[in-house]
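Q: What follows is a single structure, and I will ask about it in a moment.
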Ligand SMILES: NC(=O)c1ccc[n+]([C@@H]2O[C@H](COP(=O)([O-])OP(=O)(O)OC[C@H]3O[C@@H](n4cnc5c(N)ncnc54)[C@H](OP(=O)(O)O)[C@@H]3O)[C@@H](O)[C@H]2O)c1
């Protein structure tokens, strides 16, 4: 029997995605370049990133230990962890502004989202899916999804590394990023993240995978547009031909 929490949490994620998408055009999450007072207590950004992303690292592993998944489930777990080990453990230690204030409210919201999202994705993979056999992992759908995920992974990490390289000793300000996909767009790290979870949705071919992809777009597209606008307003020499998140298009 399906755990009754599963459909409720999945429905919540699917319903919240368009709500968040619309809200984020009116409210900008107060962290990073958009940090501002009036949002209650704050944490250091390093602590916030580690806490916020930790459910996506810990919960699927605990679920795997409890449910002894088959080889297909373990392959998806490894792919997922390749992203979340980096995001929850490596990224916070490499961040170029580790002591910057990060809203406790935003951290808590991210923590809750990561709990729900990891749970529904791995509940489906470990307890409901019956199609992850050998033929699935040699199918065009899985291979295409995996390649999109891997491409997004490389774009995301490379773009974040280019941003880090802008801040040397004593330089805590913002500069115009150059190189990589920054030649064409203002937020290639977000494009990479969206591609990763688009590839994931294709690979797992599940409603929770699709919900995660939609939520990532809802979360990152409005912020990418705001970042693009912010660059244009902050730097008079910002390249005019650069788009927000889709090269040559948008
Ligand atoms: N799956 C999701 O829904 C989701 C949601 C949010 C973030 N993420 C991922 O998490 C990562 C971080 O996200 P983010 O929103 O913090 O990205 P971001 O705004 O691009 O910032 C990333 C890092 O680079 C620094 N930075 C940004 N622009 C800079 C510039 N022009 N000059 C110098 N330093 C600059 C930032 O410093 P400051 O902190 O000082 O601004 C921050 O340390 C990204 O890979 C993103 O894809 C995923």
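Glycine is no exception: its Cβ is also placed from the backbone N, Cα and C atoms.
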Q: Transmembrane segment per TrEMBL: which of the ranges 31-56, 57-82 is that?
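A: The listed stretch tagged transmembrane segment in TrEMBL is 57-82.
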Q: To the transmembrane segment (136-155), which of 6-27, 57-82, 102-124, 197-221 is linked by the most Cβ pairs under 8 Å?
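A: Looking only at 6-27, 57-82, 102-124, 197-221, the most contacts with the transmembrane segment (136-155) come from 197-221.
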